[in-house]
Amino acid sequence: MATMTRKEYAAMYGPTTGDAVRLGDTSLLAEVEFDHSVPGDECLHGGGKTLRDGMGLMPGHDSVDGALDMLICNALIIDPVIGIVKGDIGIKDGKIVAIGKAGNPQIMDGVHPQLICGVATTVRDAEGLIVTPGGIDVHVHFDSAQLCDHALAAGLTTLIGGSLGPITVGIDCGGEWNVGKMLQAAEAWPINFGFLGRGNSSKPESLLGQLRGGCLGLKIHEDWGAMPAVIDTCLKVADEYDFQVQLHTDTLNESGFLEDTLAAIGDRTIHMYHTEGAGGGHAPDIISVAGKSNCIPSSTNPTNPYTVNTFDEHLDMIMVCHHLNPDVPEDVAFAESRVRPQTIAAEDILHDTGAISILGSDSQGMGRINEVICRTWQLASKMKDQRGRLPEETTALGDNERIKRYIAKYTINAARVFGIDSYIGSLEPGKLADLVLWRPAFFGIKPELVVKGGFIVHAVMGDSAASLYTCEPLVMRPQWGAFGEAKQALSVNFVNRLAVEADTATRLGLKKQLLPAFGTRTLRKSDMLHNDACPDIRVDPQTFDVYADGERLHCEPVSEVPLAQRYMLR
């Protein structure tokens, strides 16, 4: 019997069970937990390979018979729900049908009945590549239309947030007419969008038009007034119409302190933006909401991970972001009250212990949209370096539990908080085929390929006038799925059910499908996969030190991070 060494097998078919792969230049190792492949019957495409008629392709098995539209074979899958496994990914009608062993069951062993390949099946070999779900940014300020291009190039396939462009402070898509224009503009990109309206009203009637107009949820922001009456009203409407409320609390504590806000919330579910506080929120103790079972906490990437530059860059960013005047002492005090090294350091640890469940960008509202994914992995690597391997790890040398915890922050948990996890957030069967392929050396920073709705929309591409598409310069460029009517067919907009019932898509002439969110009002912190910790968090009002279950949370800022200047020129 012919044999291969592990090294030879990995070079031809990708790593198998027990092998480990380093993620970029981080300290993280992903160890293969299970391999769906059947040795000797692996799928490979190309000259002299197995995916030929009568071999890996089943003769006469066409689309109507269930043949896959697209096969991604021999992929190392990193998924918060499925785990870290090796297998073939089957795509049909823009959705994932199964993960397992693909091919021709007439001559191959172990072929999954839904992963049969035929003449209609296009193939992307993924041996040596990592596949993840498309990223979800839960905290976007749409101040610039061009951020969509940066998002796709970074591996984000769903953007949720507000703003209408370069207005004074871009917070939300308030107003039925305004959100309609954003939905019409969203037709231009192969990206899923969810637009947030303005929840700052103590009168419930004024909120419903935004939901009928196409908003996914509502956002309460301190710049419009985050008073207890506003919070209570918005949550009452949310409970009736099933949408998520995002809360950016009152930094100045003018309308009440944290205790007053929590009293207004009661035991109702709410999505807490800026859990750490540098981006906004009750100073200095907003971070304690990460220990509440009904508060779903997220934070944003400017403070993650904590570095020697974090404190200095935030003061200027806050002044610009919130339309503050550096010549007005009260405005300067507002900015300075937000930036606390103690809570920023604690934020890193609360992410690592799973107490903060989600990480978004706060794009152009102090964050950077192209750094959602890379900063998540920078933080995970920093925490491994400073805190060691997690005690709950079960593999021989991998960091799988930590990896699953961190990828969940911008995939499945980001989807669950908005009630859209039945559509996106993982590579589970039945979900939209939104996925990203990475070369391990570039994992988390530069994707190799972005697949949206089962079709390639962005990819590393060489000179198009050259003889091969691998000829330099290699640049991330839009591909066929990003043009014509394909971009609308491959993506969706997430809305409240009122917009679907009002047939808003027809009224606005939209080609993108509108999909309703549901199940947001029964969520608890326990629904946040790998990130459901609820420690008792206390902030010392004098020193700003943060304590979780009585233990002081502290970590040092770092002067170097992975996935940085080794890859980028800035």
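The chain as shown is numbered from 1 upward.
Here the Cβ of each residue, glycine as well, is placed from N, Cα and C on the backbone.
Not measured: the values here are computed from a predicted model.
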Recorded Ni(2+) 2 site member, picked from HIS248, HIS314, that accompanies LYS219, HIS274 in Swiss-Prot: HIS248
Residue in ASP19, ASP348, ASP352, ASP362 which Swiss-Prot records at the Ni(2+) 1 site where HIS139, HIS141, LYS219 also bind: ASP362
Count of other CB atoms lying within 10 Å of the CB belonging to LYS219 (Ni(2+) 1 binding site): 27
For HIS141 (Ni(2+) 1 binding site): intrachain residues, at least 6 apart, with Cβ closer than 8 Å: GLY161, GLY162, SER163, GLY170, ILE171, ASP362, SER363, GLN364, GLY365
Rounded Cα-Cα span from HIS248 (Ni(2+) 2 binding site) to HIS221 (substrate binding site), Å: 5
Length of the line joining the Cα atoms of HIS248 (Ni(2+) 2 binding site) and HIS139 (Ni(2+) 1 binding site), in Å: 11
